[in-house]
Every structure is written in structure tokens, then in C-alpha cells.
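Annotated features, as they stand in Swiss-Prot:
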type	residues	note
BINDING	G169, D170, R171, Q172, T173, G174, K175, T176	ATP binding site
SITE	S363	site 'Required for activity'
REGION	506-541	region 'Disordered'
COMPBIAS	512-521	compositional bias 'Acidic residues'
COMPBIAS	531-541	compositional bias 'Acidic residues'
Amino acid sequence: MNLRPEEISSVIKKQIENYKSELETVSVGTVLDVGDGIAHVYGLDEVMASELLEFPNGVYGMALNLEEDSVGCVLLGDETRVKEGDTVKRTGRVVEVPVGEELLGRIVNSLGQPLDGKGQISVDKYRPVESPAPSVVDRKPVDTPLQTGLKAIDSMIPIGRGQRELIIGDRQTGKTAIAVDTIINQKDQDVICIYVAIGQKASTVAQIAERLKEHGAMDYTVIVSASASEPAPLQYIAPYAGCAIGEYFMYEKNRDVLVVYDDLSKHAVAYRSMSLLLRRPPGREAYPGDVFYLHSRLLERAARLNEDMGGGSLTALPIIETQAGDVSAYIPTNVISITDGQIYLESELFFAGVRPAINVGISVSRVGGAAQTKAMKKVAGTLRLDLSQYRELEAFAQFGSDLDKATQRRLERGERIVEVLKQPQYTPMDMEDQVMIIYTVVNGHLDDIPVDNIERFEDEFLSYIHSNYPEIPETIKKTGDLDDETEEKLTGVIKEFKENFNVKENTLLNVEEGDTGEEENNEGHNKAEQDTEEKDTEEVV
């Protein structure tokens, strides 16, 4: 084989001519130490705050502490896959979540990865979990009601679309129940719902998903779950991820969105543990100094957009758990000051059988009144006052002093109002039905109905009116008002129904009669004892 040097040299020359020097610069760092979900990385001089960092073995982290000679970052995955000396790369982007219609009906984690075993979610759109809140000029006042389907809330603590209403109370007082009922009530209301579970038990989230599925609510709902077993960083970004998913529908689809954060107490605890591990100085109750900003920047993203921005809205229902009813603790006071009102649930009311256990005295909606329908505003105007007076008189009545007739009437009316406002779970009520039954109790039409017949009266009355006079609820629904003609017709129907209503004897009367018999027996027994004592005395004498 003859080798021709000139051919070889020409090939080499060609390759040298075509060679282009391309240097790829990658900003990398080295893991100094790792533990408790936190990694300290040397290098990465140009890293951004909250930037996503890539660790080996498919683990990602988020840069939170930008120190002089190292970067403190939290790991969004299994820390056992990261070891000292590993190389860390910058990604040049912040933490993002997938968004889109494809997420509806799914359960995802804080990074938008599916948890429900229904396969991968194929989306082509992503949004950063942290984004600025709409400015003042982008917003408009809250003017449309968001119906919860709960009589006590829609009548006295109305919520508007774009509002932030806090649900606060001790554990096991029905906070999540109110939020879930509100989601169920958005069926056919054209509202997208996002339920964010932070630090909840996985079994609880599965139960809620099952309930929503039973009532056909998963079709318009996304569940974002960062359960108690997830690392603190994933619990920390969960509410922001849920908000980002909601913002996609608000900004790009001009839809109305409802986001439930359940609950922000556990969110603050997760952030506290991260901050302490990052050696940030602790403040009150060991929370870091920026814990107020943690929640304010999240809840400020709720808004009612003006027409130029598409007219969508994002309503936030944050939940806070109190310890022994203490609303003056650090996190509760922070969130109360950020939100547009609060629904306060009391364990005493809950155990007394008043459910939802709302304490109307300290519950308030600061902007929702403007969004309330005219019909509801008209019938529920005196409801809060009547209920407050009843609670006050009830406290006095416990002393057993003689009450005048006016006070007695108020107490009886109050008992009936409390009974009407009770509502079983998963049974939200339409606005027109709420208006009709509240009108009935406020105007004294139930004053002569025994308290234990009220629930039956309500069910039978509403089915009677829908069967025989469907035009009344239809008019209220269509106009959102209770005009004089409809009111007159409604009063006539109430009287007509009451004539045919079969009042069942109060079962308490039988118990009282039994008690009376017992008292008589006791009197006889006491008299016999007295006679015996007298006889003994005579014998002694």
C-alpha cells in the first residue's frame, strides 16, 4: 500500500481550516456539606437568588442564601443522592411548574409531577412559582359574589371573586370542610379550583380527592399536595406552585379561579425549619424576620383584574390553625392583617352541634359586601344583629332571672336562626334557596314552629316551593333581587305551607314529662325519709 504524503497533508490542512474554536462556559460549584435537606456549595459566583441548581443523580436545589464564599441551597428531592464533593451546575432559570388544562382532575406535587398514578402530564407551558402581584392599575374592585353554598357565610360573611378570606380556628373545627364545600359549590359556576395541601397526611388528601370526585368537582379542580412526609422545601414552594397554576387560568384564559391554601400554619413551620437550618437569625416564636413577607407576597397575588387585563380573578381562601383559640399568636395576626376578612370557627360551637361552627361576632368580610346579591343583602340585613343580640341575651338568660316577653321573643327567634344556619357537610345550597329560607326565619314565620322541627320544615318547604311555585326561585336567581311582588308571593306561599305543615310533637316534652314523674317519685321518697326521721326522733325522746 502506497502512502502519499501530499494527500494526507491536504486532508489535515482542510480539517485545520474548518476547525472552529467554541468554548462553552459553565458556572459550576462544589458541595461542601449536605444534611437535613440543605447543601452548602462553594463557587457559583454569579448565581441568582431562588435560582434552580442541578445536582448529580437528577436532584435539583434552590439557592436561598447568597453568602460571601458559599451558597446555601435547599434540596428539592432526595438528599441521600447528594454527597460532599459533588459538582453543582447553574441552570439559569428559577423554579417553574407546568400549567394548563391538562392538570385539571389531577393530583400533583409542588413541582407539578403527578402523584395519582394516571400517567405523565404532557404540557408545553410553564410558569415560575414566584411572580409579581398585579399592580393597582391592573385591578378593579371586587363586585361579583363567590357563592360558598353555606347559608351562614353567604348571608353574613359574603366572599367576592378576587377576595382573600381567611378561615381560622382550632384543629377539628371544620376549616377544611368549609373549603371543600365551597369547591363543590363551584360546579356549573365556571370557576377553576385549586386545593393546595401543605403538610397534610397523604390519607387526608386522598379522602378529599375521593369526596370531590363523588360530587363531580374534580373535573374543574387541581390538587397540589406536599404531604407531611415531603421535605420542607417542597412544602415551602407548594402554595406558590398552586398560585402559579391558578394565575395561568386568570391571566391567559381570563377565568375565575379559587385557590385554597390548607394550611399556612404548616407552611410557616416548614419555612422556619429551612431558615434555621440555613442559620438565618430567628425572631418571635423562632420564625425568621421575613415570615410576614412569606405570606403577603403569596396572598397579594389574589386579585380581580380589570377588563384591559382580561377580567379574570383569583380568590384565595387561606387556612390557619390556632392553638386553643389564640388568634393573637404571631402567624394568625400576620395573616389576619394581610387578608380581607376572616371566618373564625370555635370548638365550643362545634361541640354544641352548631356546624359550620362560625363565631359571627369576630368573623368579618371587609370587601365581600359589595359583591353580595341584592336579594341576600335585603333578607340578611338584620341577621348578624339578631344573632349577636341572641348570643348576648343567652349569656344573661343563664342566670335564670325572669325575662320579659320581648326578651323571650328575641331568644326564641335567635334559637331558630341558629337552627336554620346549621348545615350538613357536602350539601351546599343555591343562593335562591338560601334567600327564601333566611327570609322565612328573619320575618318571624318560624317563631311558632318548634326548634326540632325547623330542619324538616326547611327541607319540606323548599321542595314544596320548587314543585308548586318554581317561578319564585327562578325570578330570584335570574334577577338576583327580591322585589315587592316576589316577596308578597313568597309570604303567601309560606302561610299556605304552614297551614299544611304537620308539627311533630317535640320529643323533649316527653323527656320533661318523664323528669316530672321522677321529681314526684323523689318527693315521695323524701317524704318517706322525713317520716322515718320523725319516727326515730320520737323513739329517742
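For all residues, glycine too, the Cβ spot is worked out from N, Cα and C.
Features recorded in Swiss-Prot, as mapped to the structure shown.
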| residue | record | DSSP class |
| --- | --- | --- |
| G169 | ATP binding site | strand |
| G174 | ATP binding site | coil |
| S363 | site 'Required for activity' | coil |
Checklist line | Alpha-carbon spacing, G174 (ATP binding site) to S363 (site 'Required for activity'), which is rounded to whole Å | finding: 15
Check: For the ATP site given as G169, D170, R171, Q172, T173, G174, K175, T176, which other residues of the same chain have their Cβ within 8 Å of the site's Cβ centre?
Finding: E321, L345, S347, F350
Check: For the binding-site residues listed here, R171, K175, which shows the highest count of neighbouring CB atoms within 10 A?
Finding: K175
Check: Around G174 (ATP binding site), how many other C-beta atoms are within 10 angstroms of its C-beta?
Finding: 20
Next item on the list: Which residue among the binding-site residues Q172, T176 has the fewest other Cβ atoms within 10 Å of its Cβ, if you could check?
Entry: Q172
Notebook entry, point to check: Which whole-number value in Å describes the distance between the Cα atoms of R171 (ATP binding site) and S363 (site 'Required for activity')?
Noted result: 17
Margin query: Please report the distance from the Cα of G169 (ATP binding site) to the Cα of S363 (site 'Required for activity'), rounded to the nearest angstrom.
Written below: 11
Item checked: recorded positions listed as T173, S363, least Cβ neighbours within 10 Å -> S363
Notebook entry, point to check: Within 10 angstroms of the C-beta of D170 (ATP binding site), what count of other C-beta atoms is obtained when all protein chains are considered?
Noted result: 18
Note to self: Let me check the 10 A CB neighbour count of G169 (ATP binding site). How many other CB atoms are there?
What the structure shows: 27
Next item on the list: Please report how many Å separate the Cα atom of S363 (site 'Required for activity') from that of T173 (ATP binding site), as a whole number.
Entry: 15
